[in-house]
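Have a look at the structure below, then the notes.
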Ligand SMILES: [Zn+2]
């Protein structure tokens, strides 16, 4: 099937581009495939249907960075400002920051460069799923070191039961989060070739799994606490974090508002931009929650090391990179042509 190719810069309607790159209820504003690197950069300043998707996550990197730096600024205002980059106490915080910044940068770049070719589009969005999965492990590392699930628990809790639970948590929590992250990357990449009609629903449901697993220390804390003084701010931030996540999932699945008025939200205000915005707001609440826990800590139950924080994240990155390369090569060799003419 031949699709019209226009000069770079002019935008196409949904009938003029391959079906694989169209979005439901978005009728115009598509960039044609075959953009060069500089065309893609230039398109960030044009009104296309990817412009809002790019800026909602690209600008978010700076807002997130500001909130991170401001936290240390407030803490050390009297002593003089300095970022504790090499203090092992903050290693889990920096792995969390790396996970969030990775997610935001990869997501914005995927939207910006996805019009170079079908192969690059596939790689961009598979790497994007990998970055979301990596972010979940970054969160897990921050929760593991900073959120003590048993703070304020009832003294009646049998000591043996407590020790056993803590033992299981210490041994299994991070490895399971890593395995689930790999599974999520694989499943989401798979939806780009299979179950395409339900792909948004499946991807959202798939990411419920790491959310539930990663949030286990918080669920435990909320369940066992008898002292709400020490848990109230954590509970408030976590509740807001969940509300924003639910809103982002609702936009992603329902495709509202463009479903209600196809063609009207092609450039600005589409569900994907609302999804990006709500997901970022949920991250800001999570950051607030982690910072609140750090402020209440003097030292950590489990001492973090470079290997147990950055090492875990780097190893996961290696597995995800291998998986994405393997998937793209696999689809190409199976004859499922990625390049649509
Ligand atoms: Zn996106």
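Backbone N, Cα and C atoms are what each Cβ position is placed from, and that goes for glycine too.
Going by TrEMBL, these are the annotated features:
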- 111, 272, 276: Zn(2+) binding site (BINDING)
- 54-73: transmembrane segment (TRANSMEM)
- 93-113: transmembrane segment (TRANSMEM)
- 125-148: transmembrane segment (TRANSMEM)
- 168-188: transmembrane segment (TRANSMEM)
- 200-224: transmembrane segment (TRANSMEM)
- 306-329: transmembrane segment (TRANSMEM)
Around the Cβ of residue 272 (Zn(2+) binding site), the count of other Cβ atoms that are within 10 Å: 21
Feature contact check the transmembrane segment (168-188) with the transmembrane segment (93-113), CB under 8 Å, 3 or more pairs: no
Binding-site residues: 111, 276 - member with fewest neighbouring CB atoms within 10 Å: 276
Positions on the same chain near the transmembrane segment (306-329), where near means CB under 8 A and six or more residues out: 88, 91-92, 94-95, 98-99, 119, 122-123, 126-127, 130, 133-134, 137-138, 141, 145, 174, 178, 181-182, 185-186, 189, 338
Zn(2+) site, defined by 111, 272, 276: further same-chain residues with Cβ within 8 Å of the Cβ centre: 50, 52, 53, 54, 56, 57, 107, 270, 273, 275
